[in-house]
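Annotated domain 'DOMON' per TrEMBL: 225-364, in sequence order. Per TrEMBL, the feature domain 'Cytochrome b561' maps to 370-577. Sequence annotations record features per position, and here TrEMBL assigns signal peptide to 1-22. The transmembrane segment annotation in TrEMBL covers 412-431, 451-470, 485-506, 518-539, 551-570, 615-635.
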């Protein structure tokens, strides 16, 4: 019989490790389509990266003049490299890249650089006699690149200008139309709207001296911080600076929740959100409820119509004194001043005069300033501060809260299903003929091992499920697949492992005609539980509360492959020795009939040394993998 369970494990493991699209190799030098800046040979199911790019477009100033050189650098952070790129200058148009735009200005190709103009991105610009050929430039090789220098010149004033680049890292990892900071046109004689829109960076040098700070990771400068919050205030109001790293798509938010604990519910929430429709980044108030667990927005504007039927919006947040914000290069940033007594104007919000509170940080997609439900993965789960934060103290805070019950749940499930369940099933499937004349507590070795492994698995699984119900406060469901399936699969597994022991208690004797029916039901419920358990563990490893590093999933994949190899080896060995064992069994039964009064020990099966070796190998390797996974989950 083919070890189908192992093959199912591997299929589920691969599906949990790969994205929904398949990476199709394309030629990186064919970069890129002029109108969209997308790689030209990418299938429709391979999408650009949405997380912040590790590559930057750095310009030498904040403004430009006609016929004056501007230095433009393509750089990388974190030791990353790109292989291909396209770079061009465009008229600044808020935060959007308009499809079909043509480049402006001209790059100077330095002698030692092996790049070329993009032939379908060329246009003639300017009056006859003074016109230039504007173009985009592209790479002509796929060598690793991390720091490239260019010089750009405008032949006339174009208004506000920005540079856009597409970076291709490998066959299916690329960032499209990444932007530089905008340059204002000094020849126009008026200040640039683009430059005025950018809120100055949050200064972290005075953290702990002039203002309190919470930073993740600890001690980061603002451009490195995943989340940052600073505060200072007087008796009447608090000044906050809230920032975070999101992807470069429009309509994103970073939210701060002020909570009595590290869980969502009964929280005051300040949201820094970018609205691409209005091209504005602003602050919104909302609050979380515990039952039902949801975020409730407090409307910021009311719309009214004047006598000439012109609609207008009026700001109604009495507790919000000042605000400013910006969204640049995947970083949201808001500065705002709010009254301490927020509860007087907004009853759903809490006063900022209270004692220490946990901070909850989240980011995601927003619709007109209203945040949508975040996911539950490591990158999406809200970050809770490790300790309560006191806004009356000027101090440095850092560190994220941990969820020991969720980690204990993961550790116990690994122990139950990777070690005990796999060993118990291996014994009942391949080791029934082994040690035929030996008994332990009047039971065959395989049955004693199988029973104890499955009983331990049952007890450990029940404990793990109780722990996660306590952690989640009852049944809880993630918003998106595959995490949404995790609790559902868990309940199905629980039902199966409860039914099987009940069936065992009413098991008929071997001679009973109903015994085959019992065997089939016992096999069916055990198989369903086992088929679902390992995929459910793979899904569970993606939950943010467990905080399992992505590479740990590959360790479990290695075990799945090993388990399949063991089952295949035992299956082939069993087929090869079947005839010989059948003959030995037949000969033994014949001898018993001929000499019924004598004791005839049952013959040892053929190939027993190989089977013993495979059993000890499986126990040793599985124990090692189980120990490694438990340590990773516990300490990560």
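A Cβ is built for glycine as well, from the same backbone N, Cα and C atoms used for every other residue.
Under DSSP, the residues of the domain 'DOMON' (225-364) split into helix, strand and coil as follows: 4 helix, 83 strand, 53 coil. Long-range contacts of the transmembrane segment (451-470) within the same chain: residues 405-406, 408-409, 412-413, 415-417, 420-421, 423-424, 427, 443, 490, 493-494, 497, 500-501, each at least 6 residues beyond the stretch ends and with a Cβ under 8 Å from a Cβ of the stretch. In the predicted structure, the domain 'Cytochrome b561' (370-577) carries a mean pLDDT of 88.
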